[in-house]
Structures are given as structure tokens and as C-alpha cells.
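Undergrad: Can you keep this structure in mind? I'll have questions shortly.
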Amino acid sequence: MRGQVLLFFSVLSLSSVLGQVSYSIPEEMPKGSLVGNIAKDFGLDVKRLKSGKARIFTRDNDGYIELNNERGVLLIKNIIDREALCGQTTPCALHFKIILENPMEFYSVTIEITDVNDNPPSFEKNDVKFKISESAVSGAKFILDRAVDSDVGSNGLQTYKLQPTDNFVVKLHDQADGTKNVEMILDKPLDREKNEHLSLVLTALDGGEPQMTGTMQILITVLDANDNAPVFTQSVYKASIKENAPVGTVVVTVTATDADHGSHGKITYSISSILDHARGLFEVNDESGEIRLKGNVDYEKARTFQINIRASDDGGLVDSCKVIIDVNDMNDNKPDIHILSKSNVISEDANPGTVVTMINIEDTDSGENGNVQCSINDNIPFVMKSTTNDFYSLITDSGLDRETASEYNITVTCSDEGVPSLSSSVTLTLQISDVNDNAPVFERSSYEAYIVENNTPGLSIFTVRARDADWNQNARVSYILEDSSVNGVPVSSYVSVSADSGVIHAVRSFDYEQIKDFHFRVKAQDGGSPPLSKNVTVKMLIQDQNDNPPQVLYPVQTGGSLVAEMVPRSADVSYLVTKVVAVDVDSGQNAWLSYKLQKATDRALFEVGLQNGEIRTIRQVTDKDAVKQRLTVIVEDNGQPSRSATVIVNVAVADSFPEVLSEFTDFTHDKEYNDNLTFYLVLALAVVSFLFITCLVVIISVKIYRWRQSRIMFHSNLPVIPYYPPRYSDTLGTGTLQHVYNYEVCRTTDSRKSDCKFGTAGSQNVLIMDPSATGTMQRIQSEKSILDEPDSPLEVRI
Ligand SMILES: *[C@@H]1O[C@H](CO)[C@@H](O)[C@H](O)[C@H]1NC(C)=O
Ligand SMILES: *[C@@H]1O[C@H](CO)[C@@H](O)[C@H](O)[C@H]1NC(C)=O
């Protein structure tokens with residue numbers, strides 16, 4: 001068909017050119033294919049061709065076409081490749097002449113070779129490699145190799161296609177020489193992090209039918225750019241930490257990632273900002289992002305910390321996050337007891353409810369750890385009262401009594417409710433001050449005191465004592481004798497009470513024979529204001545002393561006259577001669593009298609009844625018995641020592657009175673002589689004693705004088721040793737010591753009597769001795785009055 005069209009075209013050319021014919025054939029026709037029927041086209045007979053030895057004449061391009069003389073047609077001798085024949089030149093034609101001999105004729109033949117799409121576009125290389133930074137911006141151009149298609153016209157290279165089209169588009173760019181540059185243009189930026197290696201296929205397309213393509217692979221390696229900032233996995237990290245956690249505790253680890261590669265992706269952590277109170281408490285490990293505790297966190301100082309952490313890569317891109325660290329409270333604070341005010345002393349009469357101390361409690365922990373309860377030790381009359389939160393007052397619970405407890409140690413213990421609980425305590429010492437609420441109390445409800453009569457005035461008899469449970473001045477007891485009278489005399493003339501000591505003194509010497517007992521009241525009063533007092537009855541019992549010798553009432557002893565009992569010579573045995581009657585004003589044993597016969601003219605004749613003092617005969621009186629019988633009867637009391645009295649009983653054994661009278665005149669003479677003798681002896685003794693004392697005084701005086709003189713002369717610079725004269729002790733019968741002279745003074749109280757009396761100076765109870773035991777009642781009383789005088793002349797001291 002196609003050949004016919006071309007033939008038609010050549011016929012038209014024939015019409016204009018004699019002897020010239022054109023054919024058009026596609027390239028690549030197989031061998032032997034018919035090109036054209038020249039016999040017909042030139043109007044030649046086949047025979048003529050034969051005879052004319054028709055042949056093809058050409059200078060070049062020989063060998064493609066052959067002439068078949070038999071059929072008068074042109075055939076393909078060898079396959080014609082238009083591209084090889086003409087290259088890109090169009091149109092491409094074979095020109096040759098067909099030469100005939102006999103006659104010589106020639107005809108021109110032109111065979112146009114038309115293109116057949118037999119060549120695909122092709123690239124020089126199968127692949128091409130690019131390295132493109134991901135930071136390349138859109139519009140960046142990359143020149144690609146062009147493809148080549150040896151076909152021409154529409155069979156030639158028409159267009160390119162780039163796939164995939166994600167990032168790049170292909171664009172043809174006309175050059176000045178008419179060629180087109182193939183450009184790969186970055187349309188969308190690359191991202192190494194998404195796709196590090198890209199593989200694109202560039203397809204070159206021709207316009208033939210069927211279309212043919214050629215491809216080239218474009219391998220792109222995306223180079224990293226620091227286009228990714230680090231990114232924290234969380235924008236806010238929350239962590240909590242116990243307060244007092246040890247240094248080095250990992251609090252939290254922050255993590256940032258960086259999609260970049262290498263140093264662009266190497267993240268360094270640092271603290272970007274931190275509030276002052278957290279400064280120095282935390283550190284971040286720059287590589288691992290571990291946040292560690294560097295100092296001590298205290299819940300009471302800060303409960304939360306906020307740290308901004310920055311992550312930066314080497315390219316300088318950063319991200320930051322916030323770390324919020326909550327501090328968990330630990331029960332690490334003891335309750336703090338603060339004493340706002342306190343009284344150290346409280347009066348014992350303080351009313352219940354009196355505030356003693358105000359306390360403020362503070363526990364800086366929170367929640368349970370900071371809930372504080374306070375208590376005090378048991379068994380004390382105080383309670384803790386919570387007034388408001390954290391304020392406690394310690395008040396008295398019941399009445400106080402200093403006498404029971406003068407001091408309280410109040411231990412206030414406050415504990416919080418943490419687990420384990422912490423507590424602290426404080427001890428307050430509270431003194432209870434005294435109030436005069438106790439009267440003095442005597443040791444006994446009543447006293448009985450005994451004093452032996454004849455005491456010295458001023459003698460301390462007895463001590464009453466009262467105690468006062470109060471303190472100090474309130475307990476200072478004074479003793480006061482209460483006014484009363486004894487037998488009409490104020491009691492103060494009998495006894496006195498020492499206000500301080502309670503010692504009761506006798507004001508006077510008591511005489512049992514006059515007063516046997518009396519009582520009085522002593523008041524004990526304390527020094528409080530107002531004072532309190534108590535009184536007590538003291539019963540004073542005076543004890544008898546054997547100070548009275550028996551007194552003979554009968555027979556009456558008269559000075560001059562003689563009384564004699566008459567015993568008739570006819571008296572029988574056990575004849576009651578007389579009865580000695582004596583009394584003793586003392587009492588008890590001291591007044592229990594016994595009678596004994598001390599001397600008798602004839603002891604065999606009389607006896608004295610021991611108890612009753614009856615003098616009886618013990619044998620028959622005979623004529624031989626003297627008329628004048630003298631009996632000395634001693635009456636003794638039973639005191640210790642006993643006292644006695646003697647009585648002389650004259651007995652006349654006679655039947656008639658004149659007989660008696662003549663005999664008894666001697667008695668008085670004898671007696672007078674005896675008395676005189678006694679008197680002289682005493683006088684002599686007194687004189688000798690006086691001389692002795694005088695001599696002694698003179699000698700001692702002389703000695704002292706000389707000794708003093710010698711000291712003044714030779715040792716006048718030495719201190720003078722005072723001289724103490726030898727002392728004369730008044731010790732009775734205790735022997736003589738060196739420098740102590742026992743000196744006895746005997747003095748008659750009745751110039752005619754030889755009684756000797758020993759005075760003991762300073763002795764408490766003065767005993768009156770009457771060794772001769774012949775005194776009468778009157779005499780004893782006069783002696784006593786002398787002893788009662790304070791300046792008794794009986795005492796001599798040198
Ligand atoms: C109170 O405490 C003090 C000091 O520890 C102590 O001397 C005193 O005896 C205590 N008083 C009482 C009543 O326990
Ligand atoms: C002595 O005490 C008694 C009670 O012990 C009292 O009745 C009396 O009035 C008191 N006497 C004086 C004088 O205070």
C-alpha cells in the first residue's frame with residue numbers, strides 16, 4: 001500500500017522528468033522485497049532491458065538495490081538502514097541510474113528511504129549518581145545526560161519522563177544550538193531523615209509507533225543537613241523525690257532525639273534556667289540526660305522545683321523541656337516546742353484553771369507528719385489544753401499543796417502523727433510558793449513535864465515543839481505562854497517559854513510541899529500574815545525530893561528542960577515506954593519513916609518498933625538498971641539519900657519522981673560541956689584555915705610580881721602572857737587536881753552548933769547535907785533561906 005502511494009508520487013515526478021522515476025520505500029525492507037517496476041514505469045519492454053543489458057550505475061551506496069532484468073523490477077539487495085545511510089539527514093534517498101546499451105540510454109532512479117522507528121532512545125549510561133544535600137532548596141537544578149534516538153522525525157526522541165515525581169520534576173531546556181538540556185529540578189525539598197537514598201528512573205520517549213523508550217537510573221544520596229532540632233520526648237517531665245534523698249539520687253531522665261545524623265544528631269543536655277532556690281541542687285548529665293540530686297532538698301523550704309532543660313545538637317539547634325520535681329514530705333522535723341510565757345512559781349492557793357505556761361508548737365512537716373499532739377506526764381495536777389491550733393496552755397487541774405509537793409517537773413511531750421512519729425519534749429520546773437495555810441502542830445496533844453523540886457530558877461525544864469508544814473517565815477514558830485494563873489499568881493511567875501526554842505524554864509524554885517502540879521497553855525504561832533496558831537496544855541508535875549528530914553513531934557525536944565519517960569521498975573517485958581512520933585513533909589518513900597535505936601544506956605533493955613516508933617522494954621526491969629536511961633532514936637525516911645532525925649528519949653527507971661530529979665541534973669552539964677568543946681574545935685579549925693589561905697595568897701602574889709618584873713625587864717618585846725591564878729574548884733569530894741584546890745567552907749549557921757554545910761556553887765539542885773543529923777526544923781529552914789540567896793556567903797572563889 002505504502003509502496004503504491006510512493007509509486008503514485010513517483011509517477012507524478014515522472015511526468016515532469018523524462019526518464020526519471022522516484023520510489024519511496026521504508027527502510028529495513030527484507031531482501032528481495034520489491035522496490036519498483038521500472039519496466040512499467042519507464043515504458044520499457046522487458047526484452048529491451050535484457051538486450052540492453054540494463055544495469056544500475058551508482059558511484060556510492062552500491063549494494064542496496066538490485067535490478068531484476070527478467071521482471072523489470074527493482075528489488076532490495078541488502079537491508080537498508082536509513083540511519084546508517086543518512087544519519088540524521090532527511091530526506092534520505094538513494095540516487096542511481098539505470099544504464100541500457102544498444103542504444104545507450106539511461107534513466108534516473110531515486111529511491112527515497114523513509115524512516116522506520118527502529119531505534120529506541122538510549123542513554124549513554126545506565127545510571128547516574130548524585131549526592132544532594134537535604135538542605136537543597138526547591139528549584140535547584142541538576143543536569144542530566146540526554147538520551148539519543150537515531151530515528152528522526154517523530155520517531156526521534158520526543159520527551160522525557162522522571163519517576164517517581166515525589167521530589168523532582170524533569171524539565172527540558174532549549175539550548176541555543178537547538179538541542180535540549182534535560183534538567184532535573186528539585187520540586188519538594190529532600191529529607192534525609194525520611195529517605196536517605198532515592199532512586200529515580202528517567203525515561204526517554206520517542207514519538208514512533210509503537211513508541212520506544214530508553215531509561216536511565218538516577219541514584220540520589222541525600223546528604224544530611226542539620227535540619228532537625230533535637231526534640232524532647234515530653235515537653236514536661238514530672239518527677240517526685242523524697243526530701244532528704246541522698247545526693248546523687250537520679251530524679252528523672254530526660255530524653256531528646258535528633259533525627260539528624262552524626263554530629264548533627266549528637267545531643268547535649270544542659271540546664272537552661274533554674275530558679276534561685278533550686279540552684280545548685282540539681283545537675284544534668286550532659287550525655288545521658290539524667291538529672292541527679294546534687295544538694296539536699298528540704299520539703300519545708302521548697303516543695304517543688306522547676307528546671308528547664310535544654311537539649312542542643314552540635315549544629316546549634318535546641319529544644320527545651322520543663323522538669324517539675326515535687327518534693328515529698330518526710331517526717332524529718334520534730335515538733336518544735338516554743339514556750340511563749342511561763343511562770344516559774346505559782347502560789348499553792350492558785351485556783352484550778354490557772355494558766356501556768358503557754359506553749360506554741362510548730363512542726364514544719366505537712367499533713368500527718370505535721371499534726372502534733374501534746375501531753376504531759378501523769379499524776380500531776382496539771383492538764384494541757386489546746387487553745388487554738390498549735391497553741392497549748394498548761395493549766396492547773398486541781399488545788400495545789402506546797403506541803404505535798406513543793407515542786408513539779410512537768411514534761412511536755414509533743415509527737416507528730418508521722419510514721420515513725422517524731423517527738424520532742426521539754427521539762428518545766430514549777431515551784432509552788434507557800435501560803436500560810438498550815439497552823440503549827442505540836443508534837444503531842446498535851447505535855448506532861450516533871451521537875452524535881454528545889455530546882456534553880458531559870459532551869460530549863462522541858463521543850464515543847466511544834467512543827468509547821470509551811471515554808472520559811474510561814475513555818476517560823478514562836479512559842480508564847482498564855483496568860484493564866486496558878487493559885488492566884490500569874491503563871492508567868494512560875495515558868496517562862498523561850499519564844500524561839502520552846503524551852504520552858506522554871507522562873508522560880510519549886511517546892512513540892514507547896515505546889516504539886518499546875519498546868520498552863522503554850523501557844524505556837526507561825527510568822528505568816530495573818531499568823532496561825534495552836535495551843536497545847538502543859539501539865540507540870542513537881543517531883544518530890546527528899547529535902548525534908550523527918551520531924552519529931554514527940555517527944556518534944558526542948559532546949560533546957562528535960563523530959564523523961566518514967567518506967568516503973570515493975571514494968572513487964574514489952575512495956576510500952578513511949579512512942580516516938582515523927583512526920584516527914586515529903587511524900588512517898590521520902591516520907592516513909594523507920595525508927596531505930598541508935599544509942600542506949602542499956603541496949604538490952606529497950607527496943608524501938610521499926611515502923612511505929614514504939615519504945616518497949618525487952619526484958620524485965622531490974623533493980624540494977626540505972627535510973628537514968630538515955631536512948632537515942634534515929635528516925636530515917638526512905639528517900640535517896642535518906643534523911644534522918646535523932647531524938648533523945650530520956651527514960652527514968654524509977655518508981656518516984658525525986659529519984660529521977662537527982663539523977664538528971666548531970667545531963668545538962670554534960671551536954672553543955674560537950675557543946676563547948678565542939679565550938680572550940682570548930683573555931684580552931686577556922687583559924688587554921690584562915691591562916692593557910694592568907695599565906696597562900698601572899699606567896700602567890702609575890703611570885704607573880706617577880707615573874708612579871710623579870711618579863712618586863714628582859715622580854716619586854718614579847719607578848720605578855722596573862723596570868724590566871726589557880727582556880728579553886730568547888731567540887732565536892734572529888735580529890736585534888738593540880739592547880740585545882742578543893743576548898744571546903746564549913747560554917748556554922750548557929751554559932752553554938754557544929755554543923756558543917758557544903759555549898760556547891762553552880763550546882764543545879766542544891767542538896768543540903770546535915771551529917772550530924774541533929775538539926776531541928778527551924779535550923780534547916782534558915783539554912784535553906786541562905787542557900788536561896790544568890791550571893792551565898794558559902795561560896796568562896798579566888
Ligand atoms: C525535777 O528535776 C530536777 C532536775 O532534774 C531534780 O533535781 C528534782 O528533784 C526534780 N523534782 C521532782 C519533784 O521530781
Ligand atoms: C486553845 O486551843 C483550843 C483547841 O485546841 C481552843 O478551843 C482554845 O480556844 C484555844 N485557846 C486559846 C486561848 O487560844
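Note: Cβ is positioned from N, Cα and C throughout, glycine not excepted.
Per TrEMBL, the features are:
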| type | residues | note |
| --- | --- | --- |
| DOMAIN | 19-123 | domain 'Cadherin' |
| DOMAIN | 124-232 | domain 'Cadherin' |
| DOMAIN | 233-337 | domain 'Cadherin' |
| DOMAIN | 346-442 | domain 'Cadherin' |
| DOMAIN | 443-552 | domain 'Cadherin' |
| DOMAIN | 567-664 | domain 'Cadherin' |
| SIGNAL | 1-19 | signal peptide |
| TRANSMEM | 679-705 | transmembrane segment |
Undergrad: For the domain 'Cadherin' (346-442), which partner among 19-123, 124-232, 233-337, 567-664 gives the most CB pairs under 8 Å?
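TA: So the stretch in question is 233-337.
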Undergrad: If you average per-residue pLDDT over the domain 'Cadherin' (233-337), what number do you get?
TA: 89
Undergrad: Count the residues of the domain 'Cadherin' (443-552) that DSSP assigns to helix (H, G, I), to strand (E, B) and to coil, and report the three numbers in that order.
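TA: Computed counts for the domain 'Cadherin' (443-552) are 7 helix, 50 strand, 53 coil.
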Undergrad: Going by DSSP, how much of the domain 'Cadherin' (124-232) is helix, how much is strand and how much is coil, in residues?
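TA: Output for the domain 'Cadherin' (124-232) reads 3 helix, 57 strand, 49 coil.
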